Amino acid sequence: QQQILDHVGVIRCPVCSQECAERHIIDNFFVKDTTEVPSSTVEKSNQVCTSCEDNAEANGFCVECVEWLCKTCIRAHQRVKFTKDHTVRQKEEVSPEAVGVTSQRPVFCPFHKKEQLKLYCETCDKLTCRDCQLLEHKEHRYQFIEEAFQNQKVIIDTLITKLMEKTKYIKFTGNQIQNRIIEVNQNQKQVEQDIKVAIFTLMVEINKKGKALLHQLESLAKDHRMKLMQQQQEVAGLSKQLEHVMHFSKWAVSSGSSTALLYSKRLITYRLRHLLRARCDASPVTNNTIQFHCDPSFWAQNIINLGSLVIEDKESQPQMPKQNPVVEQNSQPPGGLSSNQLSKFPTQISLAQLRLQHMQQQ
């Protein structure tokens, strides 16, 4: 259930709405391991060798390779230079914890079809089989899959911890925007009430001008709301991605599927680091307050210049949480109407100019 976007080769995740190039999509081995895990009730006595294709009864277990071995494979294991130093235990001595990873579905090398991916090349950051490590990855640093699994878990857990801190910052930002929207709505209602009182005082002659002011107020408040709601949607989208990636990463680590985790590690860590670098500005894009200025006794004689809406810019900044990651601030100026936007409304003579004119007439 993936939504293909208008541009070819890009897919949008239906859960977090993250866009991804189709060529970067990888197999989900977490699902494969979950759906294909064999029954845990299988007794050791029925365990067959997983190193060869003879289906012979297993007599031992290699701790490093995490693999059951028959008598023939044990002898071969102890002769080959690559595995002669491995620890091979008798079947009766093997604990359930030591063989827990064998319950995962084996993944075979795409180049050496009969070899399982049981090694992790640190140099190339990918899973390899024994043949790959001896040939294409010769002289590379490598680890056995279980050792690499434990090391990568620590790295991913660290990234998750950092992302949890950023989640607090994102939620704080969302609350700031929501509070600002409420303030804009309350401000609109208050100014609307002021306008209606002025209109009532100045009787019928002021109604036309009052409606114009109400329309102007609605436009200004709508513009503020639209900017804030757009920022809120961006923050909500980022929060959704954070929750999804963090939940998936936690689940991936706790699933115990070493093969799937290491196979997907590069993508998981890329998404974690990408979200850690994502911008999030805690300051609402618009921080202006609309006020209505009117002197009823004076404006009664100047109906044509009834009043105007004044935008006051609040310079106060919201207090940040004590713990939050360093986030780059948006270089764009704070929200509000620009001079070009204000020019769209009818030009109003200022209150000071009208009062000066009134005094000169007297």
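Residue numbering: from 1, along the chain as shown.
Positions of Cβ are set from backbone N, Cα and C atoms, glycine also.
Copied over from TrEMBL:
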| type | residues | note |
| --- | --- | --- |
| DOMAIN | 44-97 | domain 'B box-type' |
| DOMAIN | 104-145 | domain 'B box-type' |
| COILED | 214-241 | coiled coil |
| REGION | 315-342 | region 'Disordered' |
| COMPBIAS | 317-342 | compositional bias 'Polar residues' |
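For the coiled coil (214-241), the model's pLDDT averages out at 89. When the domain 'B box-type' (44-97) is classified with DSSP, helix, strand and coil residues number 15 helix, 11 strand, 28 coil.
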